[in-house]
């Protein structure tokens, strides 16, 4: 069967996964009785809730006499490592661009990786059915981006197709009236423009896993393209490791892909994308070869993590009340198990402490891990994210990012002021249709805590995206520190409306009445820049005398609600987020007033 291997790449929310849905539906790959859900490739519960793709996934479609292997990739910068690694598995990419938004930071990032890998691009202008589109301008932006990124003459001659993935229509003409209700012209373009894999089926085996999966029954699974030769179940093969050593093992399971299913197969040939099981610690970029004819492929480059957090066992007075997995051994096992799937994640144990340094590609990357652990029944506490510094030529350097923000004209002033305070440098500014788009270069640590205020500043209408650029010399010690102090509970117990009513004037509360609190837990935000201890568990004193004014009902303001990301954004260096299956709480690192005073003296000695 003729094979085509392609990846779908784009900025977040430009329609990659919806496009794959339509390709699956309209190719006839699925049986009639199979129902396809919206965004079927996003199988993870968090992916469905958030409407984003977190893990790169592959599927295969049969069209006419062709088998088209399709890789659906994440659009968020935090998961860009997935995009980089699959470029050696494919021969072409579909670059999906929104017909209104045009090229965005992640469009640049993913296209740069594709052009560097010398794969053939097809540009898909999606969402042409939107009420407002800028198709001609967007095409100019795409061409400009190709030229900026140093595309060669062949890559600059990219074919273009216009689609509405949501409606399942496509056309070779930008005029929306020419859209037809199928994806045939896209399928035909893939077959015509994307080259067939140039492979040697009869040579000795070469297979390189670019993605990892994990299964409790067969262990770690390596997913990649067979670069040369054939592979069979029960075949004895050799893995050339990253350090050059050789490990012999047997192929226990061999999987192929069709539609939404991973199916067991007996053999596969060069050019096809398969998954193998049999080596418990197979790694990304290692080469599986025929025994006695070992020839390693170049190792795959994986970008280093840029931020880190400290995970620890829960040490609060409420530890163990909600979770099933609370011990250091259980948390450590779960963290190292995650590295079986996610090669962008690095775990390092802190000596003599029940804590681990967890490094990843961004706040979203690590918060997804924490949220998954929370749902599985784990209890833990985590620190504020920190940018990972590097020493380059004797100079301390920090990661910088490109940030693109689109917000209503009347809100952009507050955004510009806030980014300036966080050491952001304005690169470009463009205004149209009541919306202003600004592009900034900013240190990664300048973005910590920004999202909490961003939605408030833009009244919920702002769109923000950011992408790692490079490491640059560090400037200044603190960036974007929270201006206001917090209200800290001085006692343990249950909050009362009476005590909350008397504390409300001091700031904004995070808890309502009837909530269990402990000493050192953060219960609100102070209206000034210093921390304040308050009693929120005090009850009303009973007396013999009745008074009409004293019996009046206390009316409280609604407490501020936090999700996990906003908690990580909010806390300072001396604070932690306590995460349990039922609750997310903010707390001080040192719970008692006395401990905090001692630590303050120690730090300022």
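Note that the numbers count up from 1, one per residue, in the order the chain is shown.
Heads up, the Cβ atoms here are built off N, Cα and C, so glycines get one too.
A TrEMBL annotation is a machine prediction, not a hand-curated record.
The GTP binding site annotation in TrEMBL covers 13, 14, 15, 16, 17, 18, 126, 127, 128, 129. For residue 128 (GTP binding site), applying a Cβ distance below 8 Å and a minimum sequence separation of six or more within one chain yields 99, 135, 162, 163, 164, 174, 176, 179. A coil conformation is recorded for residue 128 (GTP binding site) in the three-state DSSP classification, outside any helix or strand.
According to TrEMBL, the domain 'Tr-type G' annotation covers 1-198. For the domain 'Tr-type G' (1-198), the model gives a mean pLDDT of 80.
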Give me the largest Cα to Cα distance among 13, 14, 15, 16, 17, 18, 126, 127, 128, 129, the residues the record lists as binding GTP, in Å as a whole number. 17
Including all protein chains shown, what's the count of other C-beta atoms within 10 A of the C-beta of residue 13 (GTP binding site)? 20
Neighbouring CB atoms within 10 angstroms of the CB of residue 126 (GTP binding site), all protein chains considered, total 24
Give the helix, strand or coil assignment DSSP yields for residue 17 (GTP binding site). helix
Run through the Cβ atoms and count how many others sit within 10 Å of the one on residue 15 (GTP binding site). 24
